[in-house]
Amino acid sequence: MNKKCTIIYATESGTSQEVAEKLSRDLVLYEIKPRLIDVTNYNKLELPMEKIVIFVLSTTGHGEVPDPMKPLWNFLLIKSLPSNSLANTKFAILGLGDSSYTTYNFAAKKLYQRLQSIGGTPLLRRGDADDQHDLGIDYEVEKWSQELISKLLTIYPLSPNFNINNIKNQLNKSKYNIKIDKINENNKEIKYEIPTQFYKSKLKVNKRITVEEWEQDVRHIELDISECKELQVPIKYQSGDVAYVLPKNPIKRVNEFIELLGLHSNWIIESIEPIDKEITQSPTLLKLPITIYDLVRCYFDIMGSPRRYFFELLSHFVTNPIEKERLEFFSSTEGQDDLRTYNQKEKRNYIDVLKEFPSIEIPFEYLFDLIPPIKPRPFSISSSSLLNPNTIHLTVGINTYTTPFRRLFRTGLCSQYFSSFLNDNDNNIVPIFIKESGARLPKSNEIPIIMVGPGTGCAIFRSFMQERLYFKNNSDNNNKLGDALFYFGCRSESKDYYYRDEFESNLEKGIISKLSVAFSRDGKDGKKVYVQQYIENDSDLIWDIINNRNGYFYISGSSGRMPKDVKQSLLTIIKSNLLKNNNNNNNNNNNNNNNNNNNNNNNNNDDENNIDEIVNNYFEKLEVEKRFITETW
């Protein structure tokens, strides 16, 4: 039997590819022969001929499919496609997302509905992997993958001699054949080359904007892009865009990792070839030849948190039976609570785990299976190219924290990366690329806006203010700026009210019409004050802007409670004003129709009962019109 299927992944950060490759390798263990393909290379005309097709994709922006998938998605949206186009095709969809976003897995949901509408038959439920889960996306990925395999085995039964019990102990082949020059007799000097997808910006300013003794270190970063011409076209950006920064691992941890695995820094990797090109792609973000040192410093995400598959694969490379048993337990269904306590809560990285299993003997080629590449980190740009055409500004929080159990002190990878430049002035190249976000100013500067950006969430709104300042200074009529309300939040007025002079100057100049700052630790009697309290105090003004003047409402900042609380405050404002309008209408009707009191009272009760549905419909309309926009992380 020809046991084939096609797995299509659509990725921007690399996560979808990683998940799709793991799924492909798992299917091979069950005698299924998947064809793995990047959606960029997929011929859309093949889709109606697929017997079984599996999509793995994330959601980007405000509910859009990833950029590489847009040509295929636009093709699928053609209205003239017959309703039976995929009559012979079964499909499965796994979405990777973050439930802190209102558009959680929208791309997967839309694709699922569209494939059904043109005749496709779903193999199983849509998978919705959530990065906010205690176990991250792994929880749903593992669960959904097993359901998928069970469904596929009803279509492609196992051969009679197949022993399913062997799968548990079976080691997958490594992804790559790797050629290494371990001798380097000629002492070749291999210079690390930044991947071709990135511009080489130069660090120009790295300035702390919180007071020195304050617990939070927030930095104003300026990157010089005046000489960025690597991609044949000059680098360009707009207000609201996102800069992706490719960081490096700390030198101390790099040397520790190399010593831990018995490698040598000057070994040279000359070639990396996929063993099975049907299920493995060549590594991206990697230019060869490369030394072991640069591979570990610039490619492997050794400071990242291991996923479940890492523990499963590592169990094959320990010689100590007790260590092996522990790793097997961590990778089992029964061991997930213990794994969460050991790994996710303590934020262990790959080095931490490897040090705790000293009997490891890892074949070098399996490192690419065990440790993923460093992913570029996104930062909202906090400048406007109209005012700063040769620089990009970032507002970066140096992320340091202690873990809940062992109280280990941690610093995020990109935080360490930017911090390292303080003492390393000779190596100030920062690899970046720019991506458009879903947050844009209205087309007309006269349309009013409401901006809510506590902490480093203010970055995108600083870029908005700079753009408004440019138009005010370069306009024939200085009075054409619409209202702009800015709600900023921080902990202390004297410690972390960054960009204070700039924001207050913008208020004086009329760039913004209202500035409300909530200091969560400066409240009277120890009471905390948050931005949503100021928003609710401005209920009438916000309603006027949203309802009567077609204004825009933006939220930017850390995911978690803040975006949810601010959204709830907006919903409360919408509800109270809709009720107020409804009551006013009923009162007018009562005055004009004194003989119909009973009917009016009944209508009033019905409206009050349906108010939540009315509010939700109103809010959904704001989202559809892209007048309610969130940028959270």
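Each residue, glycine too, has its Cβ placed from N, Cα and C.
What you see is a predicted model, and the numbers here were worked out from it, not measured in a lab.
Together with Arg377, Pro378, Phe379, Ser380, Gly412, Leu413, Cys414, Ser415, Swiss-Prot lists one candidate of Trp73, Trp144, Trp633 for binding FAD, that being Trp633. Looking at Cys414 (FAD binding site) and Asp131 (FMN binding site), their Cα atoms lie 19 Å from each other. Checking each of the binding-site residues Arg377, Phe379, Thr456, Val531, Trp633 against Asp131 (FMN binding site) by C-alpha distance, the shortest gap belongs to Trp633. Note on the domain 'Flavodoxin-like' (5-149): DSSP counts are 58 helix, 35 strand, 52 coil. Gly412 (FAD binding site) sits 23 Å from Thr11 (FMN binding site), taking the Cα positions as reference. All protein chains included, Phe379 (FAD binding site) registers 23 other Cβ atoms within 10 Å of its own Cβ.
Per the record's binding annotation for NADP(+), residues Thr456, Ser520, Arg521, Lys528, Val529, Tyr530, Val531, Gln532, Asp565 show a top Cα-Cα distance of 19 Å. The predicted model assigns the domain 'FAD-binding FR-type' (196-442) a mean pLDDT of 90. Within 10 Å (C-alpha to C-alpha) of Arg377 (FAD binding site) lie the following binding-site residues from Thr11, Ser13, Thr60, Val531: Ser13. Nearest neighbour of Trp633 (FAD binding site) by Cα distance, taken over the binding-site residues Thr11, Thr15, Thr456, Arg521, Asp565: Thr456.
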